[in-house]
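Notes follow once the structure below has been shown.
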Amino acid sequence: MPNIIRKLVENDKKELKKLNKMALQVESFADEMEHLTDEQLKAKTPELKERIAKGESLDDLLYEAFAVCREAARRVLGLYPFHVQIMGGIVLHNGDVPEMRTGEGKTLTATMPVYLNALSGKGVHVVTVNEYLATRDMTEMGELYSWLGLTVGLNLNSKSPEEKREAYNCDITYSTSAELGFDYLRDNMVTRAVDMVQKPLNYALVDEVDSILVDEARTPLIISGQAESSSALYYRADQFTKTLKGQNLNVATSDYEEGDDYKIDLQSKTISLTEEGIDKAEKFFQIENLYDMENVALTHFVDNALRANFIMLHDIDYMVDENQEVLIIDQFTGRTMPGRRYSDGLHQAIEAKEAVPIQDESKTMASITIQNYFRMYKKLSGMTGTAKTEEEEFREIYNIQITPIPTNRPVQRLDHPDLLYPTLEAKFKAVIDDIKRRHAEGQPILIGTVAVETSELISKKLVEAKIPHEVLNAKNHFREAQIIMNAGQQGAVTIATNMAGRGTDIKLGPGVIDHADPEFRGLAVIGTERHESRRIDNQLRGRSGRQGDPGVSQFYLSLEDELMKRFGSERVSAFLDRMRISGEDAVIKSGLITRQIESSQKRVEGNNYDSRKQVLQYDDVIREQREVIYAQRQEVILTKEDMTPVLMGMFKRTIDRQVDGHELAGNLKDEETVKDLLQTVQNTMLPEEAIELSELTGLSGQAMKDLIFDKVKSRYASQMEKLADPERQLEFQRAVILRVVDNNWSEHIDALDQMRQSVGLRGYAQNNPIVEYQEESYKMYNNMIGAIEFEVTRLMMKAQIQPQTAIRQEAPRMTTTASQENITNVGPDTSVSEEISFENVGRNDPCPCGSGKKFKNCHGRTHIA
């Protein structure tokens, strides 16, 4: 291991030496650029673009382009990138991540690679964690890019498709990661090329890259439609759960105590019923066996109710706003996530727990993981001050290297060892005493908490101590920038949950660095608990000591903190026993404790990485399917050629499947088998008068296929004759194909989503769930392709084509919307019209639509009460 570490350090040194040389090359242009007039400097942009058009690469232009942007920044922004910022910019251009400490000017660093890559005209996406930062950075840096002759756009959730398209067509586009991903999904749900907003993905530069590519990667981006409501079952399961005896996650000291109705695994945060709990469930729901196959749906509701009541914690995992809406709290930033909902019914279970209106369950219509979205960019890079702890993940998932960049000035912040107390009460008393001591000296203080309830508890204690302060948590995040901007003023006390205002610098006010005692100089950061991720702790520390300013950091811990309870070892418990003997106020400073905490954090980080990797592994299974379907959709939307050859292939394969299926089920020489085949053909492809039993009788399978195909070609030609105009024919072909593909694709990914839940249980049978998922999804994909071709054939053959005017009137209405929850209907139903009767059909009879499925498994799902 030491050899590996030594090698990594040597590689970093070698890379820094190379970057240093390149930065000096950029600086060698400084005098030349300084002597240019504004007009001459601005003229450099079209000149560089022309050189690219003539064949020079971006790498060829790097030194000069960086120097142009650097000089322009001095004239427009009054800021001149330092040597280390040039080094960081080169790393960004290379598609990697420079690790730059807080306050080292990452936003200014990004201007140089953004300018260089925007010269290609292929688009640069600057990605931020929220819309406030996207708007702020676009406004501030957009002034520089516009001065240099580049166009700058801002992509927000509230913008219309036209406004989004305009933003994406700019040289540089600012956006959040979620909005980029959702726009990609929406683009692959529209039915007309004019409704698409994104261009091909070229270069993304991600600010706070660890937050977006790591922390947010556990949650896939999903566009949903409404599914049927099951509110009564959620309330019933919640009523049952509230009768159970056991511990909540936040107070649990062990997984299980004798007599409990459920047990919690503290490390994995999972929950299950004990034998006592199962007995109670069977009595409550009046069933014989809770885990019988016929009760699978019920166990799903019970499992969610257990998680909602005993694992998901109010004001930590979620909060309820004034509109009685349950909002998820991002565990890494402390911000709420409006518009995002827990999947698989968990959100509805929390709504039942909190006795607020239950929103309908959703049906997945389109989804993608953050990882697979960003891996589609030709080049991906990002900036952060805390990425080294996740270096393996960046390398394995994104093929990105982390390069630590030296600070412009030496770090002067004093980082004190952690202080460990036996109880929460003793810890918070020590925290308040420290705040009083520092506040009396006029030192600005930032107090970091992990949960909203902790921030409110400290706030209450500060009110009692008559210390004025500000609270920044998920409940008042809208004042974030204003609160953080004032947090460096003399005497300011600010409590922040997790986020500590990432993206907004805390600038020190007058007199703050002048104190005689170094302990009271600069901003004091007080951590009230270690986060499960070392990066979040480092981000909190990094709020102090920016650009060589003095500062101090101190973490206060308790053996009753959640992290210690989840991963505390026997050796720590021995400390606890000794400390209780010596009194509640006893405090430990120990290297062993610090190492134990870091070891616990590494284990949690490892678990989280495994979780993100598993999300990606599942999404990788359908990635190829998604790319094929989306590519084919785009071909259909963009083509100006008649699609008859494509349709003929679908017709032929559908006929082959129908004949082969009947041949497998019986003998084609048998009259009953031929009659069944004839009925299927008449139901799905041809009018009754177009084909008769006598024509099929006695033919071989291949001869039957040829005969039916000839008649289908004839029927298709007569259908197209009703649309004499080739443009109308293409419009009709496109409408049918897109409607069928979209319906089947959304059904397919929703089925995959449900199947994923079930294959997880197969791990208990020593089967690899990922392998099972791969095999099942491949079969389901092939079935979906068959269903698409069958349905396209049926609609093309059986549709009652309406007059051209009807189609012409409907075309302008084929649009999608920017509102996530409204994306449900993307196909123009009115251009295809056919009545099929579903009356008096038995559950096990063949479906009248001709799919070959039983009625209960096809249209019977919606027609059987």
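Note that the numbers count up from 1, one per residue, in the order the chain is shown.
Positions of Cβ are set from backbone N, Cα and C atoms, glycine also.
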Item checked: Listed in Swiss-Prot for the ATP site shared with Gln85, Gly103, Glu104, Gly105, Lys106, Thr107, one of Asp505, Asp514, Asp517 -> Asp505
Notebook entry, point to check: Within 8 Å of the Cβ centroid of the ATP site residues Gln85, Gly103, Glu104, Gly105, Lys106, Thr107, Asp505, which other residues of the same chain have their Cβ?
Noted result: Met100, Thr102, Leu108, Thr109, Gln547
Next item on the list: Return the maximum Cα to Cα distance in Å (whole number) over the record's ATP-binding residues: Gln85, Gly103, Glu104, Gly105, Lys106, Thr107, Asp505.
Entry: 17
Check: Quick one, of the binding-site residues Gly103, Gly105, which Cβ has the fewest other Cβ within 10 Å?
Finding: Gly105
Margin query: Taking the Cβ of each of the binding-site residues and counting other Cβ atoms inside 10 Å, which one has the highest number: Glu104, Asp505?
Written below: Glu104
Notebook entry, point to check: For Lys106 (ATP binding site), what is the secondary structure by DSSP, using just helix, strand and coil?
Noted result: helix
Item checked: Residues that sit under 8 angstroms from Thr107 (ATP binding site) by C-beta distance, when 6+ apart in the chain -> Asp137, Glu140, Met141, Asp207
Next item on the list: Taking the Cβ of Gln85 (ATP binding site) as the reference point, list residues of the same chain whose Cβ is under 8 angstroms away and which are at least six residues distant in sequence.
Entry: Glu104, Gly105, Leu108, Thr109, Met112, Asn408
